[in-house]
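K.L.:
Among the features that TrEMBL reports, domain 'Cation-transporting P-type ATPase N-terminal' is placed at 48-124. The region 'Disordered' feature in TrEMBL is assigned to 294-347, 1155-1221. Residues or ranges marked as compositional bias 'Basic and acidic residues' in TrEMBL: 303-312, 337-347. Under the heading transmembrane segment, TrEMBL lists 369-390, 410-436, 923-940, 960-977, 998-1019, 1031-1052. The compositional bias 'Low complexity' feature in TrEMBL is assigned to 1201-1213.
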Amino acid sequence: MGDMANNSYSGVKNSVAEPNHEGEFGCSLKELRGLMELRGTEGIRKIQETYADVNGLCSRLKTSPVDGLSGQPADLEKRTIVFGQNFIPPKKPKTFLQLVWEALQDVTLIILEVAAIVSLGLSFYRPPEADSTNCGEGTGGVEDEGESEAGWIEGAAILLSVICVVLVTAFNDWSKEKQFRGLQSRIEQEQKFTVVRGGQVIQIPVAEIVVGDIAQIKYGDLLPADGVLIQGNDLKIDESSLTGESDHVKKTLEKDPMLLSGTHVMEGSGKMLVTAVGVNSQTGIIFTLLGAGGEDDEDEEKEEKKKEKEEALCSAKAQDGAAMEMQPLNSDEGADAEEKRKANLPKKEKSVLQGKLTKLAVQIGKAGLVMSAITVIILVVLFIVNTFWVQGLAWEKSCTPIYIQFFVKFFIIGVTVLVVAVPEGLPLAVTISLAYSVKKMMKDNNLVRHLDACETMGNATAICSDKTGTLTMNRMTVVQAYIADKHYRRVPEPEVIPGSIMDLLVLGISVNCAYTTKIMSPEKEGGLPRQVGNKTECALLGFVLDLKKDYQPIRNEIPEEKLYKVYTFNSVRKSMSTVLKNPDGSFRMFSKGASEILLKKCYKILTATGEAKVFRPRDRDDMVKKVIEPMASEGLRTICLAYRDFPASDGEPDWENESDILTSLTCLCVVGIEDPVRPEVPDAIRKCQRAGITVRMVTGDNINTARAIATKCGILQPGDDFLCLEGKEFNRRIRNEKGEIEQERIDKIWPKLRVLARSSPTDKHTLVKGIIDSTVIEQRQVVAVTGDGTNDGPALKKADVGFAMGIAGTDVAKEASDIILTDDNFSSIVKAVMWGRNVYDSISKFLQFQLTVNIVAVIVAFTGACITQDSPLKAVQMLWVNLIMDTFASLALATEPPTESLLLRKPYGRNKPLISRTMMKNILGHGVYQLTIIFTLLFAGERMFDIDSGRNAPLHAPPSEHYTIVFNTFVMMQLFNEINARKIHGERNVFDGIFNNMIFCSIVFGTFVIQIVIVQFGGKPFSCVGLSIEQWLWCVFLGFGCLLWGQVISSIPTSRLKFLKTAGHGTQKEEIPDEELEDMEDLDEIDHAERELRRGQILWFRGLNRIQTQIRVVNAFRSSLSPYEGLEKPESRSSIHNFMTHPEFRIEDSEPHIPLIDDTDAEDDAPTKRNATPTPPPPPSPNQNNNAVDSGVHLFLDNNSSKPATPSAPASPMHSLETSL
């Protein structure tokens, strides 16, 4: 059977399409496509008219509704040829040349290219009778040994280095793109789907599904192809991704059997006949319309996004990005494309780190721009003053080219200062570091879907984890049972159970568990049997096997089609029931579910004789005390099994009225199911706690089980005063009298809450949101959440980092997550934390190194130019230094492997500056050392080394030893400082673990070798002269001094240096009122992430207007606030921003109705949707979660004084409101 699945695909590639296949099937591709475009009743009518019924359609497609396709390779191949394969071709990647072209768009590089070309042109121009003497002394010595012939070299060298930089950038982008594609395809290949072939249920990759397959669908699936329902139980589908309709659609054979690809199964299960795959499915058609095959250039898309940003400033729609903008079709369908692109569009806001970096790069860029402008101005002024004033020469026409050549040279120097000042390596370092980490995290079972999630994880302060499958092994087994008035501590022998009870038990378990759940033989000899499907049900089936019975014969006798009615499990019912119709017309219903829920509905219980006796509330309380609580306190999940008979005389009950159906049950037994804790979890949780991360457990289990497991894991330590709450109690505590959620109330609870039991998906979302929005603790919380079920979607989306389970997780959960844990194991999360912190540290290391070079190079070029009218570091040398410090250093420092010691410090939090005071101390300290050395060499070097001075050399003078030594020493200092930069927390030993990072060693060594080559053989292009061994040793020694000086610096305690400022904060909270902050964050953050921090230099251009736009927004906001605004949101942080503010959980048309979240929540209707239209908001609506109104503080408005008596609302951002009434 396994082979069938494998070779089913083998023949497709090399076959030639033969025209006669079309006729073999009873319907054509076009016909089926037409059928799938119909909805509901039209679809049914069409099926009835054309094929009589679904079975007719099956026979036309040559498939059996029970056994599926034969699975013969030839048949599958034929189907692929006629109906296509289930694969949507991805967009073509950018070619290398396109990337090169993009890299060339860089502003500074363009300036350099122009300057170099002008310089080239001028060097070839020979003025006829220019007597160099009368053009001023600075121009003398031009004819020196025909050196003027070499004037073109500098221009050419600059062009060459520009080409180098461009190629490196393009190559990096290209490899990043390649990795991302690899990742995407890896995620796509992982998706498998269950189909019936040859009567066997097998799992095949989604791409191998063909038309005519019979697919089994269940809760949590993302449908991979279009199809028609053959048989369904209580099937509800979320079609919002295709139709924008947020209500779940009930699918039945009678009313609406059409199932569409890309939609989510929210409840129930069933079987469908696949009728359209790949580009012919509904999703595929939309994709071809959107041109997924060959999409327009991304830039246009980006332009659109930008335009849209500007118009829609903060409207909730803006976050859906271009996907919504580009729709060439009706609004409802574009949504689906957006769905598919979610993987490529950045999710949520831009990551914390990128925000800080962008801001920093803009600041540095501005400084560099100013410095370079001043340099050029000073050079030009000095030259003019010197030539025309001091020497008193007139401007000769014949001298013009020479003067222009001077000006070009000055201009080139100015531009090189700028190039060195702008840290274009920053985005590169981030990208390299993230890409490297992501690659390595694959080995640690973390499949990262969004690059920035990796870095956010390093700042995580809280983890809300599921219990089942993450902390525990997700291998359920029944270990205790209460049957026939007796509590068995281990599974009883079959003989002790009365036969009548036994038969009911086995029948009930066999039919009332999903037929997709089964226990298979172990994969490896001696292994545990494999549990397929729902684990709790597997435990019950395992219980049947332990009782020496078998469930398969019963299932064969009663196939799924014969089940009369199935109420599937969902988070509201918390139970599952199956109704069988007996031959005599009576019905029997089997139910199973959480014991505390089902026992309330039981009114009889089977005794040792096999008779039913009355079961009163008093008996129930006894049973809870004596059976259920002892089981739960040992960490067992208790499941009650019950049944009910509907006699034929009563006629058929009303199946839709659930509350009447699910009462007066007879209890068969109560079983205790255990899910053992994974052995590596307690240790992982200890590591988290030591690293300053709080682990909370959120589970659907009852509170005793939850507490027992939490204690075993180490989440709860004996003797601590921590809260364990049930969902109900939690809800009661966080809501006010009107039933709205209040942030203040959440703030009282969450710091101590460790276990939330019996929680609904809504509770999980509320908790996560409450922790993220909380401002009680001065450090904002960064929350990671793990989830596997469809209902975890909203919480995964809301969290800063969502982890989905790779094995147990449903497609919906994976879609909403940032990182997929391929082994479902909590200890992999700890690895993710380690990698995340490592990314942050790598960036800081790189910054520390880069900024030192920046400061030194800029100051040297600037002062050198002012004093000696010529930059000591030539343009080409600067570009080489720029290459070392940007590209190579980012490679070397960004690829440091993480160490365990990263887990010994507390997390950094959201507004920790990038450059700590220790780093600032290092940067300034090393800057001082390097400047001292360089200036000493520059102004006294010729005397120390006894060589000719290189200062005040004429225009095309040959390179001097003097300046070569300056350049060489400068590079040596950078190389040794790169080793210093490996530690940022002031550690002494900078060589610690240096050989674990081969990239670092090879880069430092390689740079050293290239430097030798440049100096000894670089000659004119690099303005270098070969140096003697003695001079080389001096250069290296002065460079080595950096390491010694580093030790001196680290001896100075940072605490003494109060004057040092930190830099590179995120936007500080105090700078702007919260209200605007929220809007700004959204604008700014999403904007750059889309362009993935395109290139560093563009930032200072774009950054400027972006900041202006924001200031405008801020002002617009300020001016448009009405007096009510103060009332409405006394503290915007605590008002619950409706779910819609982030690109949301697949809710189109921004209607406030949110699926999956009970409508009782205040969140849903709170009118805090962020549409930044400056209309005055409505008067405070009662369901606002605000504190001022509810706590009875009213605004008193005096008519004479035009200022409101501001209520003492906590930290109200509206202090500045001037309302004149």
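Here the Cβ of each residue, glycine as well, is placed from N, Cα and C on the backbone.
A TrEMBL annotation is a machine prediction, not a hand-curated record.
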K.L.:
Do the transmembrane segment (410-436) and the transmembrane segment (369-390) come together with 3 or more C-beta pairs under 8 Å, pairs six or more apart in sequence?
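P.N.:
In this chain the transmembrane segment (410-436) contacts the transmembrane segment (369-390) - 3 or more Cβ pairs sit under 8 Å.
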K.L.:
Per the 3+ Cβ pairs under 8 Å rule, pairs at least 6 apart in sequence, do the transmembrane segment (1031-1052) and the transmembrane segment (960-977) touch?
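P.N.:
Yes, these stretches are in contact.
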K.L.:
Helix, strand, coil: count each for the residues of the domain 'Cation-transporting P-type ATPase N-terminal' (48-124), based on DSSP.
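P.N.:
DSSP classes over the domain 'Cation-transporting P-type ATPase N-terminal' (48-124) add up to 49 helix, 3 strand, 25 coil.
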K.L.:
Take the transmembrane segment (369-390) and find every residue of the same chain, 6 or more past its ends, with a Cβ under 8 Å from one of its Cβ atoms.
P.N.:
136, 138, 403, 406-407, 410-411, 413-415, 417-418, 421, 858, 861-862, 865-866, 869, 871, 1100
K.L.:
Over the domain 'Cation-transporting P-type ATPase N-terminal' (48-124), what is the model's mean pLDDT?
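P.N.:
Mean pLDDT, the domain 'Cation-transporting P-type ATPase N-terminal' (48-124): 82.
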